[in-house]
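S.K.: This is the structure I want to talk about, given as C-alpha cells.
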Amino acid sequence: MRSQDLHQRLADLGAKPLHCGRIVRAWLQGRALDACTARQRAEDFLPLSVRQGLPRVAEELEGIARLHSEHPASDGSSRLLVELADRQRVESVLLPRGGLCVSTQVGCAVGCVFCMTGRSGLLRQVGSLEMVAQVVLARRRRAVKKVVFMGMGEPAHNLDNVLEAIDLLGTDGGIGHKNLVFSTVGDPRVFERLPGQRVKPALALSLHSTDAELRRRLLPKAPPLSPEELVEAGETYARQVDYPIQYQWTLLEGVNDSLEEMDGILRLLKGRFAVMNLIPYNSMDGDAYRRPRGERIVELVRYLHSRGVLTKVRNSAGQDIDGGCGQLRARAEGAAPQRHIRVRRG
C-alpha cells in the first residue's frame, strides 16, 4: 500500500479530503484513526460510512508492519526489529532526544565492506507506508521529532518510495524538513530530484575516504562519483536549502584514519557548508575491522576542528545491543562472512 492507495481507500468509504487528512494525521501520530480532538468528537466530524469502515482500514494499516522485538540499550536508545507483512524484517532505532533511524530496503545492493546489511545483498524494496509504519510503531513508544533514513538499505535505490515517505512525514506527519535526513552514498538522481520536492530533507553523504580508489573498494557498488564531485554536488544542494550537508565517515583503524586522509577532508570540506561526522566502527564477534583507539579518535576530531572543519563524533546508538546497521537482523537470520580491505599507512 502506498500513500495514494490509503487516500483512495478512505475516499471509497466516503471521506472527503478534510476527513482523510485528519485520519492520516492520527495514524502518523500513533493514535486511533477516529481519535477525537479536545473540541470535536469523531461522530460530529466523520461521516457514518467512514466511521463504520475505519476498523477495517485500521486492521490493514496494522498489517503493514508489526514490532517483532525491542532491545533497549544503556545509552537511552532502543533498537526495534520490525516484521513486515511478508515476514521480512528490518531495523529501526529509537535515538535519544527524539530521533528515529528507519530502514528503506530489506538488505542493500551497495555492498559496503564494513556494513552488515550489505552482506545479504538486496532482497526487496521497502514501501513508502512500510517506512512510515516504522515511525508509527516508534511513536507509540515515545515522541519522534526527527527521522533519519540511515537504516538498512540505500535510499537512492528506492527513491520514489523514500521521497513519498518524506513528503508524508514532512506534511501530515508534522516533522520539520530539516529533521528529515536523507542518507546516500551519492547517486546523481538524488541531486536531480531533491531540489524539486515539496519537502526538501537534510542530506547526509557517505564519504568514508577522500581517495577515490579506496572509496571504490570500500563502497564497491556506489555510483562512480569522485569524492570531489560528491562534495561539489552536496554543496550546491546545501546552498539551495540553506542547511549544511552531513558527511559520514566510518572510522576503520588502519584503513581511513590516517593524517593523510584527514588532510584530504580539509582539502575537500574547508570553507564548505558542511559537518563531518566521524563514526567509530561498531564491531561484532569475528570482525575483520576495528575502530581506532579512543585517544586516536579525539586526536582526529581536534585535528580537523582546529583547522576549520566542524567535526563531531557519532557513535552508533545501542552499541551494547548490536547497534550497527543490520546487526540485529543478522543475528536473527545469520550473515555472510565479512571481506577485509587492508591499507598500508604511510
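Backbone N, Cα and C atoms are what each Cβ position is placed from, and that goes for glycine too.
Pasting the feature list from Swiss-Prot:
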type: ACT_SITE; residues: E91; note: active site, proton acceptor
type: DOMAIN; residues: 94-320; note: domain 'Radical SAM core'
type: DISULFID; residues: C101-C325; note: disulfide bond
type: BINDING; residues: C108, C112, C115; note: [4Fe-4S] cluster binding site
type: BINDING; residues: G153, E154, S183, S206, L207, H208, N282; note: S-adenosyl-L-methionine binding site
type: ACT_SITE; residues: C325; note: active site, S-methylcysteine intermediate
S.K.: Is it possible to get the count of other C-beta atoms within 10 angstroms of the C-beta of E91 (active site, proton acceptor)?
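M.R.: There are 26 such Cβ atoms around E91 (active site, proton acceptor).
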S.K.: Can you name the residues of this chain that are 6 or more positions from E154 (S-adenosyl-L-methionine binding site) yet have a C-beta less than 8 Å from its C-beta?
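M.R.: In sequence order, the residues whose Cβ lies under 8 Å from that of E154 (S-adenosyl-L-methionine binding site) (at least 6 apart) are T104, Q105, C108, A109, V110, T184, V185, D187.
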S.K.: Taking only the Cα atoms, work out how far S206 (S-adenosyl-L-methionine binding site) lies from C112 ([4Fe-4S] cluster binding site), in Å, as a whole number.
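M.R.: For S206 (S-adenosyl-L-methionine binding site) versus C112 ([4Fe-4S] cluster binding site), the Cα atoms are 10 Å apart.
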S.K.: When DSSP states are folded down to helix, strand and coil, where does G153 (S-adenosyl-L-methionine binding site) land?
M.R.: coil
S.K.: Residues with Cβ closer than 8 Å to the Cβ of G153 (S-adenosyl-L-methionine binding site), same chain and 6+ apart in sequence?
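M.R.: Counting only residues 6 or more apart in sequence, the Cβ neighbours of G153 (S-adenosyl-L-methionine binding site) under 8 Å are V90, S103, T104, Q105, V106, G107, C108, T117, L122, V126.
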S.K.: Measure from the Cα of C115 ([4Fe-4S] cluster binding site) to the Cα of every one of the recorded positions E91, C101, L207, H208, N282, then give the nearest.
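M.R.: If we rank E91, C101, L207, H208, N282 by Cα distance to C115 ([4Fe-4S] cluster binding site), first place goes to N282.
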S.K.: Take the Cβ of L207 (S-adenosyl-L-methionine binding site) and count every other Cβ within 10 Å, whichever protein chain it belongs to.
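M.R.: Its Cβ has 28 other Cβ atoms within 10 Å.
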S.K.: Which one is it, among the recorded positions E91, C112, L207, H208, N282, that lies nearest to C101 (disulfide bond) by Cα separation?
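M.R.: The smallest Cα gap between C101 (disulfide bond) and any of the recorded positions is with E91.
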S.K.: For S183 (S-adenosyl-L-methionine binding site), which residues in the same chain are close in space, meaning a Cβ under 8 Å from its Cβ, but six or more apart along the sequence?
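M.R.: Those within reach of S183 (S-adenosyl-L-methionine binding site), by Cβ under 8 Å and sequence separation of 6 or more, are V148, F149, M150, P155, L203, A204, L205, S206, Q248.
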S.K.: Rounded to the nearest angstrom, how far is the Cα of L207 (S-adenosyl-L-methionine binding site) from the Cα of C112 ([4Fe-4S] cluster binding site)?
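M.R.: One finds 12 Å between the Cα atoms of these residues.
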